[in-house]
Structures are given as structure tokens and as C-alpha cells.
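Q: I grabbed these lines from Swiss-Prot:
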- CYS57-CYS92: disulfide bond (DISULFID)
- CYS68-CYS102: disulfide bond (DISULFID)
- CYS71-CYS110: disulfide bond (DISULFID)
- CYS118-CYS129: disulfide bond (DISULFID)
- CYS123-CYS142: disulfide bond (DISULFID)
- CYS158-CYS196: disulfide bond (DISULFID)
- CYS374-CYS399: disulfide bond (DISULFID)
- CYS499-CYS546: disulfide bond (DISULFID)
- CYS501-CYS517: disulfide bond (DISULFID)
- CYS504-CYS519: disulfide bond (DISULFID)
- CYS521-CYS530: disulfide bond (DISULFID)
- CYS553-CYS586: disulfide bond (DISULFID)
- 154-500: domain 'MACPF' (DOMAIN)
- 541-587: domain 'TSP type-1 2' (DOMAIN)
- TRP62: C-linked glycosylation site (CARBOHYD)
- TRP65: C-linked glycosylation site (CARBOHYD)
- TRP547: C-linked glycosylation site (CARBOHYD)
- TRP550: C-linked glycosylation site (CARBOHYD)
- 1-31: signal peptide (SIGNAL)
Amino acid sequence: MNHKLKPTVGLGYCLLCAALCLLLLRDVAIAGSGEEPSGVREARSVGTQVAVQPVDCVQSEWSSWTRCDVCRKKRYRYAKLVQPSQFGGEPCHVQGKEVEPCSPPSRYDCTHDETPLCEGFLCTYTGRCVPIDLRCNGDDDCGDWSAEKGSPKVPKACKQEAQEYHGIENLAKGINILHSHLEGSVIDNRYYAGSCLPHYIQDVRFRKPYNLQQYTLETKGTYDFKLQSFESYSEFVHYTMTERSSKTTVSIGFALPGVAEFGFNYADSKYSKSEKKIRRASRKENSFVQAKAELQLARYILKSEDLMLHPEFFLRLRALPQSYNYGEYRQIYRDYGTHYITEATLGGDYEYTVILDKEKLEKTGYSLEAYKNCEQIVLKVGANIKGVYVTVGLEGGGCDGLLNEMGEDTVKGSMVEDYVAVVSGGDSESITWLAAKNLPTPPLMRLWGEAVHYNLDFIRSVTRPLYELVTARDFSSANSLKKNLRRALAEYLEESSSCRCAPCRNNGLAVLKGTRCECVCPSGYSGLGCEITQRPDIGIDGSWSCWGSWSPCRGRSKTRSRQCNNPAPSSGGIACRGLQMETTDCF
């Protein structure tokens, strides 16, 4: 079915974080027969001979050199990734870009590009236009201190000292939606436009940056856990994807290639460890009980217009050529990310999942719902409550019998196959305690909550593409610059998508890191392609291929499609989720 894209896409389709880790599970079955070519790696998989063929990295020819960057005094050329290396294949030994020093013509300088008329003070180096009354006020309103030069005596900007909002610098950074990394600063959250109006939060004086519409502290959430139970792996994946999609939205203007690959930070060990355990549990005989606790401590909202850009980002945009060159525009996204954060809820959350052996649970005579209810009681009273009589409507008068079966710490009983914890916010010590193979106690939860106040993480956020920061106020050629940035974003996301990797075996997840693909294997599986195991066969979940080429423009729109064959679902695995065909506006 053909769907018209909406301007805002849920993070389930853009930033799936841990949910996508549970969903896009890949398979490559390369059966060995006859003579094996050189470089093929052999392995055993439940008595079946399999082979993984190395794939070498291939890059395109070099582009021509760009013009000399007048600000950086460098010029660039690039090569695009044609085929990433995988399964031990030969890597690419170049980074896909080359930079060399150059001398721009003397008639050009870093602020030469045409700028809109400034009716205030035009900053010497950054080219920023600020109100004339900001001169000699003690603030670095220009980003280069030029508005303070020549002042007889530089006073303090404000008579009273004020604190800076927690996490304000991270909120000024761009974010790369391919892997959720924060990159260089794109807006200037230390620009105040001369304002010294105090903003008091719990008797603490803060100074509000110009770009902010709202920054409030709010204590929402408790140390109580919300529990959900799932009879099967597919139910668990569907719920997790839907629940996480409500937490973050990413506006992109067009759909993303390999949409479900986005948002998961594969370099983060806490996610990769949980990923391996969950994928191992994709067999039909597993059930799941998941618990979550969330603390919301602050809310951040940007102004909707007239944002003050960070001076370095501002100069980089000014130095881009008006004629489109993918190499230079791609470098912007590598250095500053693809999006900026317009709204965010900050705090911390703790999520754990108990993976149960369904057959052993059924043999105890208790239901999955009974297990969930008893686990809720364990959490409310604070861990080892074996022998404590609590009525929860179970036949037999309480949880005593089931707690004996569950084990003293609930997650160590014979019916528990594994336990997965992912904690965000707080400090490393509290996170280490919480992620241990024990249910969290109320004292540990309080300790973690106190640490979250000093190390906030993103709980929910809304982002917009970087090109929306380009306005006619700052750029005389805003329309063409925005058009080029939007075009480059589409190319960059397509070039960098993990859908370009060959599928891994046994629900391993193929991840594109630079120019090479790696397989994140479920627990109990190993090898370059997750091909080595003594475990029985499991259902293989489907994953999307890359998007095909766009159709010719018809009117003002064009379409493209993709297939659920990378790999196709088999043996009862989950089908691909999301659109098979999409429509977007023509550039």
C-alpha cells in the first residue's frame, strides 16, 4: 500500500534504540558443498556444514576536488561506499574522503559570502549580527569577543551570579540518528542576548539562554516498577517497538533507508550485552516479564524560530559551496550529526527483562500472570521475601509456593533462563549495582535516583533535521543551501544504512560500522556470521532490504519500495514491520 509520508516519524521508525535491537534479526545461510573457495571459513551448526564467504570492501572512484574552503583553507574530495567489507573480508584502507591544504583566492575571506543586511553590530570573525546595545556588556555575544573590543572596562554581564542549566551543552549538540551519538554543537546555548532576568528553581538562580523557551525541573515517576508479561518473543518485540516509538520523534521530511536500523548505539556495551541475550531468547518456548521504572527530572523546549547558531557551525554552513557537492555537505553531517534536539525530557530509567522457560513454568502449575504478580510483590517489599505471606489472589493463598520455585532472588530460579538489565542516567557505581543479576532493592533505587540528578540522560526527545536551522535571517542563499543539505542528508543516510550488509545467520544483527559490517550474535552463537552453534534451529525474523531507486517524478512526488528479504522470515520468524512503499516530495 502506498502511504504519504508524514513530517514527523516516531522513533520506532527512526530511533528504535533497544527495541530495534530486538526486531531486525538477520540470517545468512550459505551451505557448503563441493570444494570450498579460498578464504571461506568453515564451521559446524548442529551437524550442518556451513561456510561464510568473506566480502571485500569496495569504494567508488574519487570525485574531483572541491573548491578551497575559505574558512578552513582546505579542499576535499570523496569516494562513496559501494560495498562494505564483511565476514573477515578485506577492509577499505581509506576513509572515503581526502583533505589537503590550499590557498583560497585573495579576494575571498571567511566572511566574504554574501550576508543579509545587519542593522546591529556585525561581529568581526563569526559574521553574527547582534543588537548594537550588546556591545561592551561583558558577554561573548559574538562568539569571538569582537563586541567587547575597545571597551574601556568590561563589567560583569550580570550583577548576581547564576547557575547554568544541567545538561545545557549536550542539548546544544547535533545528534546522529544512525547511532544516537551526540556530535558537535549546532546552537549556542551560552548566548543570552544581554538578558539577566533570573529564573529560580528550588531557590537556585539560573540564567536562561536566548534559545530556550522553557527549562523546568519536574519530579515525575517513582521507584515503583510497571510490569508487563508476554507469552512469546513476537509479542514482546511488538510491545517493545510500540512503546519505544512513543518516546522520541524524528522529523526527517522523507522516510529513512533501512528505517529500523536507526537509533541503536551498538558501541555501548550495555545495549550490546542486552541485545545478545534477547536474541538468544527468540525461540518459541520462551516467555518474558519486563519491568520499568522512570524518573523525569527536567523538561527542555527550544524556541520555534530565530535560534542563535553556534559560531563554528554557523561558519561551516557559510563556507559551503552554493553548487551541490556531496563530499562537503556529507562532512557537515559527519561532524555535527543529522538532527538537533528541539524538546527533551531528562532523567533516568531502569528496565529489566526476565526470560522464562515456558515449559518449566507450566510444570510448576503457575501461570505467567502469577509469576508477574509475585515479581511485583518482590519489588515492592524489596527483594528476598521468600517465606513472606502476601495474598495476590493466587490459588493456595499467596506467592509462597511460586517464590520457592522462582528462587530466593527471583531471577536465579530454575525456570529463569536469563535476565537482561538496561539502565540510563545516574553514575557508573549505581548502574553497576542495578545491572547485577539481582532484583533492585529500594535502597539501591534511591541511590540511583539521587545520582540521576547529577547525570541526566534523555528519556524522551523530539528532533528536527539540521537543514531546518538554515534561515534567511542568517543566509542570503537560504533556499538553495537548505535544498542542498536536504539532498545530502538523503544520500548520507542511504550510504550509511546497515541494510547494505549481508544478513547474519541465526538472528544475528548486521551492523555497519564505518566501511565494515559486523554481526552482533545472540548468546550461544559465535563466528564472523553467527554461524557456529550447537543449539537447535530457531525461527528467523525478516529484515528489510535497502530501498530501491526513486521513481521518476510524477507531479510533485515520487515513490520507491523495498523487500522483506534481507533475510526473509522463515521457520515461524517475525515478518518485517513498517512500510514497503513510500512517497515523498521531489527535490
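Placed from the backbone N, Cα and C atoms, the Cβ positions cover glycine too.
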Q: Of CYS196, CYS530, TRP547, which is closest to CYS517 (disulfide bond) if I measure between C-alpha atoms? They're all recorded positions.
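A: Minimum Cα distance from CYS517 (disulfide bond) across CYS196, CYS530, TRP547 lands on CYS530.
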Q: Which one is closest to CYS501 (disulfide bond) in space, judged by CA to CA distance, out of the disulfide-bonded residues CYS129, CYS196, CYS546?
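A: So, spelling it out, the nearest of the disulfide-bonded residues is CYS546.
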Q: Which one of these disulfide-bonded residues has the most other Cβ atoms within 10 Å of its own Cβ: CYS142, CYS546?
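A: Ranked by Cβ atoms within 10 Å, first place goes to CYS142.
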Q: Need the DSSP three-state call for CYS129 (disulfide bond) to compare against my parser.
A: strand
Q: Across all chains shown, how many C-beta atoms besides its own are within 10 angstroms of the C-beta of CYS123 (disulfide bond)?
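A: So the number of other Cβ atoms within 10 Å of CYS123 (disulfide bond) is 22.
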Q: Report the nearest neighbour of CYS129 (disulfide bond) in space among the disulfide-bonded residues CYS374, CYS499, CYS504, CYS586, comparing Cα positions.
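A: Nearest listed residue in space: CYS586.
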Q: When DSSP is mapped onto helix/strand/coil, what comes out for CYS521 (disulfide bond)?
A: coil
Q: In three-state terms from DSSP, label CYS68 (disulfide bond) for me.
A: coil
